[in-house]
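Engineer: The following block contains the structure, expressed as structure tokens.
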Amino acid sequence: MLDRIAILSLALAEPALRLSPNARTVSRARPAVMKDFPKPNVEDTDPYREAAALSQKISSLAWQGEKKTVAIIGGGLSGLSCAKYLSDAGHTPLVLEARDVLGGKVSAWQDEDGDWIETGLHIFFGAYPNMMNLFAELGIHDRLQWKVHKMIFAMQQLPGEFTTFDFIPGIPAPFNFGLAILLNQKMLTLGEKIQTAPPLLPMLVEGQSFIDAQDELSVLEFMQKYGMPDRINEEVFVSMAKALDFIDPDKLSMTVVLTAMNRFLNEDNGLQMAFLDGNQPDRLCEPMKRHVEARGGEVRLEAPLQEILTSEDGEIEGLKMRDGSVITADEYVSALPVDVFKRVLPKAWQTMPFFRQTDELEGIPVINLHMWFDRKLLGVDHLCFSRSPLLSVYADMSTTCKEYYDTEKSMLELVFAPCSPLAGGNTVWVGKKDEEIIDATMGELARLFPTEIARDERWPSTLSQGPDGQAKLRKFAVVKTPRSVYAAIPGRNKYRPSQETPIPHFTLAGDWTSQKFLGSMEGAVLAGKLAAEVVSDRAAGKPTKGLKVVQPDIVAKAAAYEAKEPAGVKGSGAIAFGGGAVLGKAGMDYLREFDEAQFDEADGSKTQFDEPVPPREMAGAGSA
């Protein structure tokens, strides 16, 4: 009976998917049409109530203590979140963003054709309690386009077809998740499903303590320890790991997967996904900026930091900017990415164990692709997990997003990962030519969707395509972020520092700081909120949560460390400040000079793409 209900709900909810003889497999029948769904109930969960309580606590401090001026370095989500909540608490934040656009790793910009280029493909989950609170507080919930409650996977062995995990309305968590997996007959056998459950039970029973304890294990090591079948990795964990942190399961900490699963298994609508209805700077960052400015704060663009100034005894004295000006405030918050923060860490702080924890953290490389085709592809109005060796997730943004909606031509946005050996890959892709990356992607798309992608002489990987494929690539943009979210490889979680630091009046934000939502939009918002809590508690004369304990090995390393003048941030492009960009020759030369880890020995050698530059519409959108 339930299986028939699932089939009916799938057929009604997603007309662009055609049911195959097996109910859990669907093939594409015609181009998808955008269909949004009502906002789910995300408020009736303990995490949402905890997030709302933290918002209330911070705002209640507006009537207590002294009003502080706070200089915040970085205008990404974490810096903006910190500023928003500080303004709610009655303080006066000044956000200093080095670039000409807000958002950091969710930034976006327009190319010369007016098309938006996004740093990453960003999805909002029902299990993002602080993000959902933020949308409610800003009054912008209507900007989220909720999709049908399901997960969609491309079928590797059945090109052109998908299989789904369908969440049946009215069935509470965790039973809705379990039923969604049980009803799917294509990805795992019944025996494999049964073998999967026991290792995950401690997560539900013991909660966060069990989850945190698994950080020393990779996903594969966890599977081997608990006797999980190998096909769980092939069918589920590969796509999940790359979607969560751009890392393959043999390199990803199991804590990341368990953190996500714990939220999804405990919240009825935790896995329901939404797209923002347009570009992130306008539709998300701008409301945060206006909120801050309406309460007396300021958000300043094109204000790069030169140096954090300290006194002889190591206390912070101010911020020297590149234009020579010095900014002073009552309090200071760094919302810089960890790799950038390490470059500006003052000499006076370098031998402190607290700050030496950053040696154990580094950003993971990732590539976000935009691919405009000359016709509409048959697809789905949702996020798709590719289960491809080179691709993580993708979406046809011309179908899923109102601002990019186009009934005639498709624009795919795809996450290309893993991009380096650190992430489990065999190739250092960021150092490759854009055309090499696009050719590899076209080959994957041709393999996944052989009846749609055309044979195209410009892309050698498509030359085996048959006559059915008609769609040709007319334009592309390759956005490279050499140092994205911190690499959540095993054993890193214990080194993530608290927001409070040993330096008076100096606080940390950023998704790499200690908070339970890891490197994500939700983690960035929460970290900024926690930093605002530290500052507000201190201003009100209330006790703070204190410093996170530093591991003994870090204490020993700090004692032996020889302090030196900070390297500082060189250059003015997005990647210099931890962002992503379409890199031209100058950008690649900069990358080779300052981050040679993004290249292997073969990079720079001649390839089939070293011929004359193709027409402008095929040359990529913008460059740096």
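Just so you know, glycine gets a Cβ as well, placed from its N, Cα and C.
So TrEMBL says this about it:
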type: DOMAIN; residues: 37-118; note: domain 'Rhodanese'
type: BINDING; residues: Ser78, Glu97, Ala98; note: FAD binding site
type: BINDING; residues: Phe416; note: substrate binding site
type: REGION; residues: 601-624; note: region 'Disordered'
Engineer: Name them in sequence order: residues not among Ser78, Glu97, Ala98 whose Cβ is within 8 Å of the mean position of the Cβ atoms defining the FAD site.
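Structural biologist: Other same-chain residues near the FAD site: Ile72, Ile73, Gly74, Gly75, Gly76, Gly79, Val95, Leu96, Arg99, Leu102, Gly104, Ala335, Leu336, Phe577.
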Engineer: At a 10 A cut-off on CB-CB distances, which of the binding-site residues Ser78, Glu97, Ala98, Phe416 has the highest count?
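Structural biologist: Most Cβ neighbours within 10 Å: Ser78.
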Engineer: Roughly where does the domain 'Rhodanese' (37-118) sit in mean pLDDT, to the nearest integer?
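Structural biologist: Result for the domain 'Rhodanese' (37-118): average pLDDT 96.
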Engineer: Report, in whole Å, the straight Cα-to-Cα distance of Phe416 (substrate binding site) from Glu97 (FAD binding site).
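Structural biologist: That comes out at 27 Å between the alpha carbons.
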Engineer: Of the residues named as FAD binders, Ser78, Glu97, Ala98, how far apart in Å are the Cα atoms of the most distant pair?
Structural biologist: 15
Engineer: In whole Å, note down how far the CA of Ala98 (FAD binding site) lies from the CA of Phe416 (substrate binding site).
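Structural biologist: Phe416 (substrate binding site) and Ala98 (FAD binding site) have their Cα atoms 27 Å apart.
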Engineer: Of the residues in the domain 'Rhodanese' (37-118), how many are helix, strand and coil by DSSP?
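Structural biologist: Helix, strand, coil within the domain 'Rhodanese' (37-118): 33 helix, 19 strand, 30 coil.
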